[in-house]
Structures are given as structure tokens and as C-alpha cells.
Amino acid sequence: MATVKAVMGNLTVAERQVLTAVNSGASSLSFVGSGFIVLCYLLFKELRKFSFKLVFYLALSDMCCSFFSIIGDPFKGFFCYAQGYTTHFFCLASFLWTTTIAFTLHRTVVRHKTDVEDLEPMFHLYVWGTSGVMTVIRSIANNHEHLSRLGTWCWAQTGHTGKVVHFITFYAPLWGAILFNGVTYFQVIRMLNNATRMAVGMSERSYQPDPRSDMKALNRWGYYPLILIGSWFFGTINRIHDVIEPGHKIFWLSVLDVGMAQLMGLFNSIAYGLNSSVRRAIYERLDLLPEWSQRWLPKNSRSRGQQQDSELVSLKIQDQQ
């Protein structure tokens, strides 16, 4: 993955082994979390709506990124380079899919457009095309004679040109996506806050809308940009430090770099995928189990299954399409 260049320089063999274990463990958690969301989408037909389809593509990208982060083998050239290319490609695709989700919400809620589903082909061209172009540029610009194979990771570019290309092809799109998501969700939340206040003020005494479900959705959306920031903040600091002091690695920073980046898939699966519509679909299947087996389930599972639909559905976004 992009952050694994941290395992070079003055780190000892034991420290590199720790980083290898952190990479494998965090990638496995992300693979399981993302795979769960993919499986839910494939099994539950009621989830196959446009907004959750975007979440499915996001989870699929995270799952592939985590998978290739685990299987890279530095002793086999094909698998080594396959890991370098595929992790860069799918990780880019992951945070680009988050921008399509933010764009969909903004276009529907703020601009009141109902044509977002027609834009799906453009979303695919934008995500897969951008990821492919950035990966190819990085491949062409890299000096493969300076690629190092260390631990279980590949694509460790040690030259100055390689580091600059890495910033341009990975961290520039990353922080661009973070900025776009932050501004977009701020506008969406502000719009819905104003609409909620107006609705409460204009409603009759006999009908007072319960703002708790909408506020829960608003609060959740506010955390979405923080996922990318939390996942890649330490990686960004580590890359900057590597440029300033090449060959001198900080072990604890490298651990946070690798661990947080590889957990991005797990964070995305919880925030974007494990919403109330998914939980409701699961609880409805659990209700079909024999009565004796339901005694082992949480007592409030049935009530949770009757809660509002997902945060994207609760505001009737899909109904407008």
C-alpha cells in the first residue's frame, strides 16, 4: 500500500516485523469489514438502491486494496509488483468513491436534482479512469532499479523523483478528496439544518416532526471526511518527514502510518455501510430463525429492525430519483 514505504531506513529487523504484523492484522480487519458490506449488498435485494450501490463500490475497492496488501510476496517478482500496482489503484479508487457519495448527496439535497442515477457511468469513468491514470503515471515515472523489497511490501521507491511522483499521484488526490468532501458535507448539513428549523417553525401543533433521526444522519455525515483524515494523517506526516530526513525513520510514526491507513476499509464499512437499513435487513432475516435460537439474540434487535432506513434513505433521497 502507499504507506508501506515507511519500512526502510534505520528500522531494525524486529521493528520491521512489527510493522509487517500491523499491516497484516489491520488489512485483515478491513478485508472482513468490507467483505461483509459487499456480501450484504449481494444477498439483500432491498439494499440494491443507487445510494447503497455507491457504498458497494466503495467497499469493493477497500476489499481489493486490503486483499492485495496481504498477499504481496517480495520473493516473487510478479506478486510483488502486482501488490504495488493494485494497492495503489484500489486505494485511490476507495477515496474517490467517497467523493461520488458526497457529490450525490449535494446534488440531491442542495441542488434538488433527481438525475444522479443517470450519472453512474460518469462516476465509473471518473473513479476507475483517474485511478488507472495515476497508477500508470507512477509506474512510468518510477525508476524500477531503485525499488526495494522489504518485509511483505513492495513498491518502496527510494529515489527523490519517486517520492515526488508518489505525492502527486496519491497524496494530492487524497487531500483533494478530503477538501471536497469536507466542503460538500458542510453545505449539505447547513442546508438540512435550515430546512429542519423551517419545518419545525411552520408545522402545526398537532404535528411536530421528530428531528432526532435527521440529526443522527447529519452527525454521521460530519464524520465521513474525518475517516480519510484519520486514516492518512500519519501517513502524510511520515512522507513529509521522509523527504526532509531520508533514511531516518520514526518507528512509532511508521506504526501509526501503516496501521491507520490499512484500517481505512474497516472505518468505511462501519461509517458508510453498517447503517440502519443494513441492520434492519439483517434483523429481518434473524426473525426467520427458530424461536429457540432467537433467545440468544439481543432483546432490542426487533426494535432496532423497525428504525428508520439508512441515513441516505431517511431523507428520501432515493425517492426523488
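Just so it is clear, glycine is given a Cβ too, placed from its N, Cα and C backbone atoms.
The annotation compositional bias 'Polar residues' is assigned in TrEMBL to 303-321. For 19-276, the entry in TrEMBL reads domain 'G-protein coupled receptors family 2 profile 2'. According to TrEMBL, the region 'Disordered' annotation covers 300-321. According to TrEMBL, the feature transmembrane segment maps to 20-42, 54-72, 84-105, 125-144, 164-188, 221-238, 250-274.
Under 8 Å from some Cβ of the transmembrane segment (54-72) lie the Cβ atoms of residues 1, 4, 23-24, 27-28, 30-31, 33-35, 37-38, 41, 79-80, 82-84, 86-87, 90-91, 93-94, 97-98, 100-101, 104, 123, 127, 152-154, 262, 264-265, 268-269, 272-273, all in the same chain and six or more residues away from its ends. Panel annotation: around the transmembrane segment (250-274), residues 1-4, 6-7, 11, 15, 18-19, 22-23, 26-27, 29-34, 36-37, 40, 55, 58-59, 62-63, 65-66, 69, 91, 94-95, 98, 101, 220, 223-224, 227-228, 230-235, 237-238, 241 of the same chain, lying at least six beyond its termini, place a Cβ under 8 Å from a Cβ of the stretch. The stretch with the most CB contacts under 8 Å to the transmembrane segment (84-105), chosen from 20-42, 164-188, 221-238, is 164-188. The list of residues near the transmembrane segment (221-238) in space but at least 6 beyond its ends in sequence, with Cβ under 8 angstroms from a Cβ of it, reads 2-3, 6, 95, 98, 101-102, 105, 171, 174-175, 177-178, 181-182, 185, 188-189, 250, 253-254, 256-257, 260-261, 263-264, 267-268, 271-272, 311.
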